[in-house]
Every structure is written in structure tokens, then in C-alpha cells.
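Annotated in Swiss-Prot:
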REGION    1-182  region 'Large ATPase domain (RuvB-L)'
BINDING   Leu21, Arg22, Gly63, Lys66, Thr67, Thr68, Glu129, Asp130, Phe131, Arg172, Tyr182, Arg219  ATP binding site
BINDING   Thr67  Mg(2+) binding site
REGION    183-253  region 'Small ATPAse domain (RuvB-S)'
REGION    256-334  region 'Head domain (RuvB-H)'
BINDING   Arg311, Arg316  DNA binding site
Amino acid sequence: MDDRMIDGELQDQDVEIELSLRPSTLSQYIGQDKVKENLTIFIQAAKMREEPLDHVLLYGPPGLGKTTLASIISYEMGVQFRSTSGPAIERAGDLAAILSSLEPGDVLFIDEVHRLPRSVEEVLYAAMEDFFIDIVIGTGPSARSVRIDLPPFTLVGATTRAGLLSAPLRDRFGVLSRLEYYEIKDLCNIVERTADIFNMPISSEAAIEVARRSRGTPRIANRLLKRVRDISQVKGEEEISLESTKQALEMLQVDDAGLDHVDHKLLTGIIEGFSGGPVGLDTIAATIGEESQTIEEVYEPFLLQLGFIQRTPRGRVITSKAYDHLGIKRTGED
């Protein structure tokens with residue numbers, strides 16, 4: 001799958017900009033008010049007891065700030081931040097090397113925690129619960145188990161697919177926080193903050209337009225703003241205007257609802273090929289030339305959020321809201 005401008009997953013182009021824009025404290029973090037409120041209390045209580053924070057699971061769609069929140073937790077606790085990902089930890093020995101290097105109270109962030117190999121996950125159970133790991137050294141009759149004691153630490157796991165976590169792993173997290181898609185007003189604040197960091201003021205109307213087409217996702221808002229800034233600077237504007245914003249977003253084929261050409265292809269494919277459904281996921285995938293998993297994990301969540309598509313026992317169905325947005329009449333309508 002090619003990188004999409006409105007894909008919430010982290011892309012190479014995002015890494016540098018996200019590091020420069022990342023807030024360091026909960027007070028600087030915009031949105032997710034309930035999650036922030038809870039974390040503030042939990043962090044304060046842990047610091048009062050002089051204990052590490054309970055293990056934290058952050059879950060929700062990509063691009064909503066899970067990695068940022070993990071780094072903020074370490075900053076607020078006054079400890080070091082270590083970061084890795086589930087696919088990067090292939091063996092129990094890889095995990096042992098990371099855990100044994102932690103200092104007391106450190107935050108270990110594991111992105112895509114649902115992708116940890118089962119053998120690694122089983123080693124993690126004791127590390128999270130009792131702060132030790134057992135490592136088998138050698139093979140055959142001479143093999144022996146060695147116990148390594150670990151300093152108390154906080155594991156922050158992040159996942160876009162909480163349903164794939166095993167129950168034993170999920171139950172070892174003391175704090176579970178779901179990140180939701182952002183409201184327009186919060187995205188506007190993020191866009192204005194980013195524009196300020198870029199030293200390129202933006203009009204309130206332009207900020208609203210970027211926010212409205214960002215699929216409720218800060219990462220997408222910042223990515224779109226970079227391209228809007230390009231147009232505005234080429235035109236010699238001192239402030240990003242609504243006109244330049246609309247021009248840039250039209251060039252990027254991002255419509256008023258935040259849908260791009262791939263979303264349109266998926267929706268119109270079901271409408272034109274299958275009368276709006278119901279139609280099975282594998283059939284849709286074959287029709288538009290994408291993998292079923294990609295459709296289910298990347299394209300569908302926002303379309304479901306908008307109410308443009310429904311999942312039914314018989315397959316996917318396009319809703320009347322989607323027909324109205326696309327300007328297509330249902331078969332049989334006058």
C-alpha cells in the first residue's frame with residue numbers, strides 16, 4: 001500500500017516533524033481530556049507513594065498521540081524513557097536485554113504490543129507482575145534456568161488492535177486508556193500550535209478547514225498543514241489563508257469529510273459493483289485491488305466512524321449518508 005496523505009499510521013516523513021512538535025507535559029497535550037485527567041491523578045498518587053506508575057495500556061486508532069503520551073508519562077514521573085516495538089522483540093533474550101538495562105522507575109514503551117511473539121509475551125508476565133525474568137541458558141540436558149531480578153518499572157503498551165491482546169497480558173495492565181478521534185475544536189488548537197511552531201500564522205477559517213478534513217487525527221492534521229504551508233509560502237502569503245488551504249487540499253484530493261481517492265474508490269466500488277451491498281470483505285478487496293486486512297484496519301475505521309459504511313452478518317453495506325456525500329442516488333430513486 002502506498003503512503004496516503006490521510007493515513008494515520010506513522011510515515012517516514014512524519015518522524016522529524018513529530019519530534020519537533022511533541023509536547024513534553026500533560027498541560028501542553030491538547031485533547032483526550034478524560035485520559036489526561038486520569039493520568040494526572042495516577043501520576044500524582046504514584047509520586048506521593050514514591051512508587052512507579054502502574055503499567056499503562058494505550059489503545060485506539062493510529063495517529064492520536066499514544067507515543068507522545070508515553071513520553072509525557074516518563075517526563076511527568078521524572079524517569080528515563082525507553083522505546084521499542086513488538087515486532088522488534090523477536091526472542092525472549094531480546095526482551096531480557098532491554099529489561100535488565102532499566103533503572104528503577106523507568107518507563108518502557110512497547111508500540112504494537114499486540115505483535116509480541118507468544119514466547120516473549122510469556123516472559124513479560126513475570127516481569128510485569130513480580131519484576132523478575134527466568135532465562136533458559138544452554139540446550140538439552142545441560143540447560144538451566146537463571147532468574148534475573150529487575151528494578152520496578154512502568155510498561156506502557158500501545159496498540160491499535162486491543163482485541164488481539166491475550167487476556168493474561170491485558171490483565172497485567174493497571175491503567176487502560178482508550179484514545180478517541182479528536183473534536184474539531186481540539187484539532188484547530190493543534191493546527192494553530194503547529195503553525196506557530198512553523199513561524200507561519202494561519203487564519204482561524206483556514207485552521208478549521210484543515211481540522212475538518214483531518215479525520216479526527218492530529219498526525220494527519222500536521223501532515224496536511226505542511227502541504228498547505230507550501231502553497232501559502234509559494235503565493236507569498238504572510239498568513240495561511242482559507243483560499244490557499246482549499247487549493248492545497250483539493251490538490252491532495254482530500255474532500256470536505258476527509259476522504260481521499262482510495263475511500264471514494266472503495267465506496268463507489270461497492271455502490272456500482274454490488275448495488276451498495278451487502279458484500280463480503282474478500283470480494284471488496286479483490287474488486288479494488290487491496291488486501292482484506294488493509295481495508296479492515298486502515299480504510300474502514302473512519303468510514304464506520306462517519307456512518308458511511310456498516311458491517312452486517314451478510315457483509316458491508318453503504319449507508320444513505322455515504323450516498324448523499326458522494327452525490328449518488330440510490331437505485332430506484334427519482
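Cβ coordinates come from backbone N, Cα and C, glycine included.
Residues belonging to the region 'Small ATPAse domain (RuvB-S)' (183-253) score a mean pLDDT of 92 in the model. In the structure as shown, the Cβ atom of Leu21 (ATP binding site) sits within 10 Å of 17 other Cβ atoms. Working note on the binding-site residues Phe131, Tyr182: by count of other C-beta atoms within 10 Å of each C-beta, Tyr182 ranks first. In terms of DSSP secondary structure, the region 'Head domain (RuvB-H)' (256-334) contains 44 helix, 9 strand, 26 coil.
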